[in-house]
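Per Swiss-Prot, the features are:
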type     : residues : note
ACT_SITE : Ser189   : active site
ACT_SITE : His216   : active site
ACT_SITE : Asp310   : active site
COMPBIAS : 158-172  : compositional bias 'Low complexity'
DOMAIN   : 4-121    : domain 'Response regulatory'
DOMAIN   : 182-365  : domain 'CheB-type methylesterase'
MOD_RES  : Asp55    : 4-aspartylphosphate
REGION   : 138-173  : region 'Disordered'
Amino acid sequence: MAYKVLVVDDSQFFQVRLKQIINEHPDLEVVGIAANGQEAIDLEESLRPDIISMDYEMPHLDGISAVRSILSKRPIPIVMFSSMTYEGATITLEALDAGAVDFIPKNFAEVSRDSVVLKKRLHEKLLLFAQKAKPSVAARSTTQPSGVRPSALGANLSSSRSPRPASSAPSAPKKRIKGLVKLVAIGASTGGPVAVSEIITRLPANFPVPVIVAQHMPENFTKAFSERLNRQSAVEVREAQDGDLLKSGVVYVAPGGNQLMVDKTGRSIRILDGDARLTYKPSVDVLFASAASAMGDKVLAIVLTGMGADGCDGAKLLKQKGATIWGQDKDSCVVYGMPAAVAKAGLTDEVLPLDQVWQRLVSDV
């Protein structure tokens, strides 16, 4: 039995191509197509799909309004299919705030030319998040995405971005770092925008060290992400630029499509063109490796939710220099991939639930 997918897009071209691409996977089946948000609401009620692919700019009712309406009735994973423009990025982040679980960049050229990369990305994400909607199907499917935590996904689907109390008190620190840390470096991928926001928006304006975030996002998205975080946070948040001086209480978001490195002096940031040999731009490994070289044991590295193992190689270098490494725990991750890789390699000093990460940053750094 395949997962049931509802495709929502006002373009007939994208409707046809997305249906073709999605149906190529044996564990996915498009059961309906909606041309606007209102049709999406109606079809969701009648077809009861397991997951929805949602455009954002449509007549009659836009994607964000549809996301809010649908999620007010039941928790279903919704993946946004988003324009690569700055405007598209801004709206996509609003959709994530509204409860969408993730996004896929909407690239006409990739869809037109039958891109293998797009197919892989689309299939992986739809399968990954549909697993929460109908775990009984996951048990019978021919291909199961690994690492997804239904509990974490369910929380993401049902929670708002408003502040909420921590579920438990912070655990006792295993390694004393108060006054020793001079840089916090955070790496994240799938599920990261919400997780990073949960941490950064809780930091006080006088946070004593600079923070660098490498979040897997395309160009334009990181600019919109940093601006949105800046509006929501007490600390200053900015998209990093080449030559930026590292200042306490400032959060620097690595720009999409590029690599961010800490300068060898440990005082500033270098932004380099994305290396075609590297899958991720920005890469958590590149950030961690440069931080290890420049600042050694003065770094606190945090690996958050995400697919794959980006950050593990960089964490090894950090560990060799005596740096402190925290990993997000399995239950609070949307995808337990990157933190799992670091934990399995024996590199984490502590494994923490997401709601304890910001508390420990405030109390321990």
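Even glycines carry a Cβ here, placed using N, Cα and C.
For His216 (active site), the same-chain residues lying six or more positions away in sequence with a CB closer than 8 A to its CB are Ala188, Ser189, Thr190, Gly192, Tyr280, Pro282, Gly306, Asp310. Non-local neighbourhood of the residue listed as '4-aspartylphosphate': Val8, Asp9, Asp10, Ser11, Phe14, Gly63, Met80, Phe81, Lys106, each in the same chain, at least six residues away, with C-beta under 8 Å from its C-beta.
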